Amino acid sequence: ACDSALVSNLPPSSFRSSSQLSSSHAPGFAKLNRRDGAGGWSPLTSDRYQWLEVDLGERTKITAVATQGRYGSSDWLTSYLLMFSDTGHNWKQYKQEDSIGSFPGNSNADSVVQYKLQQPAIARFLRLIPLDRNPSGRIGLRLETYGCPYTSDVVSLDGGGSSGLVYRLTPGPRGTFREVVSLKFKTLMNSGRLLHAEGEGGLGLSLELERGKLLLLLRRGTTQHTLPRTSTLLPSPRRLASLGSLLDDQHWHRLAVERRSTHLNLTVDKHTERVHIPAEFKDVVFILYNVHSTLLVSERNFHGCLENLQYNGLNLIELAKNKDLQVTIMGNVTFSCAESVSVAVTFPGPQSFLQLPGARASSSGGVSVGFQFRTWNKAGLLLTFDLPQEGGVVWLYLSEARLRLQIHKAGSALNDGQWHSLESFIQHDSYMCHVDASLSGCPAEDDRLRCRNPFNVFQGCMRLLTLDHHIVDLILVQQKQRGIYSNLQIDMCGIIDRCSPSRCEHGGRCSQSWTVFHCNCSESGYSGATCHSSEYEQSCEAYKHNGNTSGHFYIDVDGSGPIRPQLVYCNMTEENTWMVIQHNNTERTRVRPSPGVDQHSVHFDYSTEEEQLLAVISQSEHCEQELSYHCRKSRLLNTPEGSPFSWWLGGPGPGRVQTYWGGAQPGSQQCVCGLQGDCVDPQHYCNCDADRDSGLLTHTESLPVRSLLLGDIQRPESEAAYRVGPLRCHGDKNFWNVAFFDKETSYLHFPTFHGELSADIFFLFKTTAPSGVFLENLGIKDFIRIELSSSTRVVFSFDVGNGPLEVGVESSVPLNDDRWHRVRAERNVKEASLRLDQLPVARREAPADGHLHLQLNSQLFIGGTASRQKGFRGCIRSLQLNGVTLDLEERAKITPGVRPGCPGHCSSYGSLCQNQGRCVEGANGFHCDCSLSAYTGVFCHTEVSASFKPGTSVSYSFKEPYELGRNSSARPSSIYSDVTLRAENVSLSFRTNQSPALLLYVGSYHRESLALLVNKLGGEAFILKESVCNKNKFYPQLIRKICWLFQIDQNPREDFNLTSDGEFNAIKSLVLGRVHGSDEVDPELSRLASLGFTGCLSVVHFNSISPLKAALLHPHTSPVVISGPLVQSSCGSSASANPHAAEDTHHLSGRKGRSQVRFIHDQNLYNYVVNPSLCSVTSYTANTVFIYEHEKAMHSAFRWKNNNNSK
């Protein structure tokens, strides 16, 4: 075990500190459980600039640190930082989880607090920096570190064109298919080739530093036995991967490359990326295999140190030391690591500044200041100085990532026409200006002009600071022997690349400042602080339940998982919601055989990727694909015992050979006619072995069809054609996976949820209970929970080690209304968010530099808690964690108190059914029954329209008058009670250029009729009760006063009083278009009826029947007779309206292209008699409505409701 005490036996000379309170408080007394001196170390001043340093004598593996207060005192630390170094300079802070910098300290002077490092540190020097202490005492410390000796072999390379090592693999076959190269490196140079390996055929792999990142490159054109120095002639490489950042920080970094078959695992420090090897390189051995595989070659070679360089466990540095013939030393190589000392300073925050005294002026009257800097911020003040002779000030600053110089001269402006002097020098990444300087910021108490900072504060690192060409000794600054400073970290660069590795998921682009990172999720299809949550639904079924109709949609089958969104067509019908995935050839294609080729093969490329296809098939309730073969003298499968002439490949990957045809069973070597026993030739099992075979493939294991191979196509007079339709799937097993919890003590349990850095949870619920826990998962200290805390509030709470955080959403309406409600919660390293239904998202930012990892270890509880308290009563549906759906139904089948399934979907989705459509419950969801509606479609929203020609006629017949012959003396209203109308509700829409025209005609057995006309100037409605017909004259019987309520287009509704019989008796038929046999009606009406109608009729509704819909969609099962051309079209929809046509289209209810006239006929009024032979009701476009015989105006649609309620 690597846990030996490392400090207790060190001499006092191994200890250093920033200061000491007295000689008895010296750092040498800071040993655990010792009482020497004053019982520990205490500095002269108890502030945050103090430190204690320990020299372990050599690089050591450190696994734990323990602290203790000063013996017999009130002096101890409550928190501290740990720093490590190999040289006593260039310190590196140790952080937990890459974010937590501070360690917990002590609560008294005597107890020992030990912290085991999550990752061992390798260092010679350790520095502890106190952060907080006992407020009643001073800084006081005793410590111990634990670990073991660390041994290594190192080599130093000077970066010259010929400096490096060459390893030659022993010729012969390899004994392993797994190859690994591992090493550690450190450098101050941000570019250089670290490793190059050649394979066969001049192909090679390189690992190169570029701007502090490690690139994996594939190269072509190298040749074996080439001298390393000539490799600079390589052509442009292909980049495979980029890992790491800031690798030029002069700290050790671990690198490992592992080759397994067709992929590489590339690891830099703690981050690994799996890299697929392109097909053209699959036979190349990349890692140090060929005779002249080389390390560290070219003029851009690596300049720095390597440690423990190994190939498949073989120590190459040790072989080089021992002058093994397999390793050749080239150029200037030493077996030690000589490091140059470069003291940097970090400006971490707004209060950071460094002020240095001015140097002696040169003959030019100024001094020279130079430095290097690095930062992530686009803006910040780098340097400011005054102009003592001119009484002004100069600022050197960053703005929009550009270096700018601004001069403010007191007393006069610089645009005064006079000469003004400025001497500056810029070279490479350095800027030099003749100045006296203050760096970054200003002392808090200094508000004078010479240190005024009108710019953003610089946050970053500086090094190689020079005044008058002399290096500034920052150690003297740290010891307060030169200049003044505040809130600096001296002898280290604390810059962190928060974008390496990137926390932005799904291709989101990461950018950063000194303190935070941001993700640009545009064009990724995902949203959120880290581009984690998908913007799209997981299926067409989900889009339908959002109220969407047929169209193209992006589908993300695994939500926040790795599979990318795909564009599919969702065909939403009344029965099913189909997801349609196209391929490159869905048309019927004739086979054209090539001479000398006995078979014809074709491959199908789908519009979606492989993993998307398989996921769609897996989660759908049903999938199918049409496969048909039209043939003449071209046999298909032969007999079940013989070898098939044709076959197809289907299923995952390239597909498996399938020898059955659509409609048959897998492996049967039959077509559907063979399965049903009705083939043309009973000796064969396919019609094509004798005509044509087609059918649907429905076995998901065989889908989709990947390719088709057709034989027997070369015989004389042979003809063949095939068609492979698109893949069609309906249903979503995940969307309707639901469980019902009927007790507060019931719950389902699943394995632990692993969402360490990113976690999203989605589900739907419905309940009548006022509260309950939906989900809970516990850890030792961490937890995650979502609950209904009250009837109007949902709460998402969790703890990742920073203390409990809570995000809540309040609803203005009760949530226990037995309707489905959507919940989506997400937690990532930046924030937590919660969304309920369509309410605004609630967010809560994560603490800065806090714990990141959510560490859970209990079972995941759904619908309850481990304590069986505050359980949820109701239904939970479509529960998805990080895009993975939990199978609630399957677990509910074996769990007491929980049942699979949940009825009652129409209460939530019934409002989607429009136009008198009726919501019908289903086991999984609902559908809209449009049988009583004039509309069709998934939500009864699609207009049923048809184009009429002059000869077109649609006649809808009512019941026959079978009672008439038996009881001729009875009143017609009693004989024909089922076809006697006391209320009419008539509506339709139309578009036409014809005038006059008959839109609708209803006739009765008593020669009563109702007609809807369009005349040259307008539209008319008639109700005629005909009792006597003599010489073509009709005498209307005027019995009761009738009130007609009209609403035309968007005009206000108006009331009119007419007179007619209150009943429309014994109706016979309803006719759209041309009326045949209309001789018994008024001659003028008969003439119009014979002309027919030319134009478009749409959504015709007469009380409970829809005659046009019946004729178009159900002609064989409805009492309709169609004569003349009748073509279903979209002419009635608003999209079909042509703004340049002569047809007049009105609008209503905010919907373009729709128009109405509304008629309400109410008999329950006082008698009033008028005696016109024909009454018409007309509306002008100026919204003026008249009652006048034969007056006419232009309208395009009517809605008529006539209520005849007898007293």
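Every residue, even glycine, has its Cβ placed from backbone N, Cα and C.
The following features are taken from TrEMBL:
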- 1-148: domain 'F5/8 type C' (DOMAIN)
- 1-26: region 'Disordered' (REGION)
- 8-24: compositional bias 'Low complexity' (COMPBIAS)
- 154-337: domain 'Laminin G' (DOMAIN)
- 343-493: domain 'Laminin G' (DOMAIN)
- 495-532: domain 'EGF-like' (DOMAIN)
- 531-583: domain 'Fibrinogen C-terminal' (DOMAIN)
- 737-902: domain 'Laminin G' (DOMAIN)
- Cys875-Cys902: disulfide bond (DISULFID)
- 903-941: domain 'EGF-like' (DOMAIN)
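Residues 541, 544-545, 547, 549-550, 572-575, 577, 621, 731, 736, 766, 818-820, 987, 1099-1101, 1104, 1106, 1108-1109, 1113 of the same chain, all 6+ positions outside the domain 'EGF-like' (903-941), place their C-beta atoms under 8 angstroms from a C-beta of that stretch.
Annotation for Cys875 (disulfide bond): spatial neighbours Val738, Ala739, Phe740, Phe741, Phe765, Lys766, Thr767, Cys902, criterion Cβ-Cβ under 8 Å with sequence separation of six or more.
If you draw a 10 Å sphere around the CB of Cys902 (disulfide bond), it holds 22 other CB atoms from the protein chains shown. With DSSP states grouped into helix (H, G, I), strand (E, B) and coil, the domain 'EGF-like' (495-532) comes out at 0 helix, 10 strand, 28 coil. When DSSP labels each residue, the region 'Disordered' (1-26) comes out as 6 helix, 5 strand, 15 coil, counted as helix, strand and coil in that order. Within the model, the domain 'Laminin G' (737-902) shows a mean pLDDT value of 93, rounded to a whole number. Per-class residue totals from DSSP over the domain 'EGF-like' (903-941), listed helix then strand then coil: 7 helix, 12 strand, 20 coil.
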